[in-house]
Ligand SMILES: O=C(O)CCC(=O)c1ccccc1C(=O)O
Ligand SMILES: [Mg+2]
């Protein structure tokens, strides 16, 4: 197992209620499984996952275990909860190699039916009213029919005005979602949800703090759904499901410890009657493509948060899963991504 650090600048920083993401640092993970190459990506996002340093330490530890005792031993040195990005890096590398060896695209290796495209949502940042409307209108022109708008960084009334302006600009046939990143109090969330009924907002992602499962459970029941995202960085999937706290789970492979874990979480959500939206943490192309395969492995996925490549000013490889007309093209080559030519010489 070989580990190589990278850093990617963002062209368009993503500002959320919790701060601004303006660059992404991580590691490429190269493995050889019985003669077949696999490449994974571990791109930790502190606050959501372990730190870059902890990720590096965990990958080094897993690498040593792999050398002496094999891949299973390497996995037992990593946990979903403590080192999810490191586990993601190793898991993506291994499932890339295994699906490549089996000569099938990764989503088929996961058990998915043949599928060419997955619908994606546009991700609209936390600008003022005018900026938000411009971004929303541009996204519609690009072919998106689902928009996810960041809220929670300003007064609730200002966010309601932003969503109202977007609804007026885009008309009734566009699905609107909002993501508060845990910024609201229970009262603020109630005020926002009440206003969002008339604006036909499909769901709000993480209106309350990650640990307030009871508060989220109490917000449910109206026409505006509750989606949980940060809550899954803090609690096990089963805990969240048992709390009856959500209509939708937001499934981030980098946060859940790998594409395999993300698929399991999505299937569990569906079994429990919830929907699952697969999204990235603004990852490099390899992890983003892994997330695309997770979404493509589900039958009829909803619009997913996979349209994040264009936020990067540079990327690891040419985009294996480009967006066209509001949909992601699912790679059909064996493995996760077509051989990116960065294996042997690096
Ligand atoms: O879901 C999307 O549309 C894109 C991904 C996204 O919003 C995101 C990206 C990085 C960190 C957190 C989040 C989030 O969903 O809160
Ligand atoms: Mg979110």
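Yeah, the Cβs are placed from backbone N, Cα and C, and that goes for glycine too.
For the ranges 299-322, 323-346, the feature annotated in TrEMBL as region 'Disordered' maps to 323-346. Going through 159, 164, 194, 229 against TrEMBL, the one listed in the Mg(2+) site together with 179, 205 turns out to be 229.
Of the recorded residues, residue 229 (Mg(2+) binding site) and residue 252 (active site, proton acceptor) place their C-alpha atoms 8 Å from one another. Proximity to ligand 2 at the level of Cβ atoms, with a cut-off under 6 angstroms, picks out 179, 205, 229 from the recorded positions 179, 205, 229, 252. In the three-state DSSP scheme, residue 179 (Mg(2+) binding site) falls into the strand class. If you draw a 10 Å sphere around the CB of residue 150 (active site, proton donor), it holds 24 other CB atoms from the protein chains shown. Within 10 Å of residue 150 (active site, proton donor), judged by CA to CA distance, lie the following recorded positions from the set 179, 205, 252: 179, 205. For the domain 'Mandelate racemase/muconate lactonizing enzyme C-terminal' (129-226), the model gives a mean pLDDT of 98.
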